[in-house]
Amino acid sequence: MEFKYTHEIVEGKWQKEWKKKGIYKADNKKGKKFYTLVELTYSSGDLHIGHWFAWSAPDVYARFKRMQGENVLFPVGGFDSFGLPAENAAIKRGVHPADWTERNIEVMRKQFATMGPSFDWDREVITSRPNYYKWTQWLFLKLYDAGLVYKDKVNSNWCPKCKTVLANEHVENGCCWRHPDTKVVQKKVEQWLVKITDYAERLIWKGPASAKGFSEAGWPKAHKEGQNNWIGKSEGVLVQFPISGFQFPIEVFTTRPDTLPGATFLVLSPEYAQSLIKLVPQNLEKRLSKYIEDSLNKSEQDRKREQKTKTGFDMGILATNPVTGEQIPVFVGDYVLSGVGTGAIMAVPGHDERDLAFAKEHGLAVKKIKPDKALWQKYPKSVTYRLRDWSVSRHRYWGAPVPIIYCSDCGTVPVPYEELPVKLPRDVDYNPTGKAPLATSKSFVATKCPKCGGKAERETQTMDTYVDSSWYFLRYIDPKNSKAPFDKKLVNDWMPIKVYFGGSEHVHGHTLYARFITKFLHDQGYLKSDEFALKRVNHGVVLGSDGAKMSKSRGNVVNPDIEVKKYGADTVRTYLCFMGPHENAAPWAREGVEGMHRFYQRLWRLFNQKPVGVDTGKMRNQAVQRVTKDIESMRFNTAIASVMEYANHLKANGSSKADLITLAKLIAPFAPHMAEEVWVNVLGQKFSIHQSQWPKFDANLAKEEHSVVIIQIDGKTRGQLIIDNLQLTKEEVIKKARNNEKVSKWLKDKKIKKVIFVPGKIVNFVTH
């Protein structure tokens, strides 16, 4: 047997064998189902090291659960293949977006295979193919039928370079997420919206468990808080401020009605102020219109970010404070947003720093008052949400066509379900002009009305990619179904997802929309659960070796293809899991990946040594216990450290065949190729190690006989104690710690008020 491990030969061999034998296919009929998933991959053209980082740990986890006897569904990295980036890239290269996308998918599929993932390759979904977007259109129509979809001309984020609407989450620092140098402007655009606001209350994370028993503990606290803040629930009252000489009052939502006596002015959003422009004195009308126009041209982010300057314009009209009867001035301010509350705020400068700054800037009255809690009972209670309706349509080509038809006689008519999919035509000029490219295709636009059979035209807008990715996890369960998006029984057998891996950047977008669509399909009777995932694990970021974010301009980008060719997939996978906690950012270190490569070479030599009859049962049980618990807790880096410790022990003290079998199983999730080679060709076991049982441990055998206990006084370490775990009680350990010669001198003449005892770890004497 050769003592140098040749990953170049081994890895390709086993990848072919696994695929040929279909050992990772999930069984729809077998019980004890376990669905785990990584977020849909964008078909960008090639896999970078970040993709490997995002997928390596989840693959480790899927393999681990499979060896524990679970019927694991871990689908292939499907492709989120519609969208602006693909369209822009295709235009730049002079190719059709469909051809560009399919080429990218082919490249990325091959790259995925080199990772040695335990994918079920039969469950691939590609969102830009008609057999998928037919059902995205079906979902749109279901929302439409439920009264949750409408078309409106609304003020929208508009990218002058992309020439399309951007969702709020795609505006970064006032610029387009794809063009950081392009300022986003506001533009009135006709678009399709979904009433996600109808689900605002249900989308709020309530606490440890929902009313239906769904535990929220599996989702990161920051993720839940981020979504709750985005939804922005506020409880307060509605107060009407009459306007002199006008029959309609200004309605204000406030969470502090008790401070109403201190309200000395009102500030309206530019949108609200537009409706009152005819009340303004003539000499102010022109300047006010200009202020409103300038404000509306700013993105919402810019308006919020400029809160420090607090720009405003006195509208020259007066409102009456309903509590004091005083007349107070009304301003328009760009920092007041129409979608928050009523779009009008009452300012109490005596009790709010931001209002005080505005008052000083404009020379307004400041009143100090005593809050009156009785005012809470005087006004109607109200609840508002910052969440806006979801804009789901775009004026670009590369997306699923919105399945709507316009008839001069029948009006707006949804495409009948049996006529889906409405396919994207190829005879389109998709260069961005600001108008929907589908309008350039006569063969697409001209159609017949499904109701009267007369001449009609198709909707020319396409759907945003967030619609595609809001339900894809359901299609993975039944990807070849041509009669429905999924089989209801099958989908409810697998759902909800047990563990959902992805990026923390998807707090406000994808995961919120996926939760909404799941709740909608639950209400429609398709899903039993109204949450799509029980647990969410967010991954960190791989930084360059210089500790900075990877970028071509910095020259710190790591090409995974080169690394795999040099060191092998097992080394790269394991190193990515070993760099640090999965949720943290960590730099790629050349010496680190080389160290991991050397470790596997040493491991190969260890496996090829002749076993000796030594008893390492205790160490073996401890290793299995640590690795098992660490993988379950997503502590992949410490799991690998425990494998290394066990391997080093065997190298130094000798190993039995039982040890080598256990060691092979422990490395199997991390280094699947080497583990398979060792299992079959060194240890002579039956193919495949990945279908073998995960080793069990005896908790009693795994117990440490001795522990090092740190002794502290008021949190400061003063000594340590080596104790016998099997014999000493808590009281005996505390007594020994107190009498320790290095500690007793620090306790002299001091009164111990409290003893903090952590078994096997710490004794802390608190004296003050």
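Indices start at 1 and increase along the chain as displayed.
For all residues, glycine too, the Cβ spot is worked out from N, Cα and C.
When the ranges 169-173, 549-553, 654-658, 704-708 are checked against TrEMBL, the one recorded as motif ''KMSKS' region' is 549-553. Looking at the domain 'Methionyl/Valyl/Leucyl/Isoleucyl-tRNA synthetase anticodon-binding' (621-728) alone, the prediction's average pLDDT is 91. Applying DSSP to the domain 'Leucyl-tRNA synthetase editing' (229-371) sorts its residues as follows: 51 helix, 41 strand, 51 coil.
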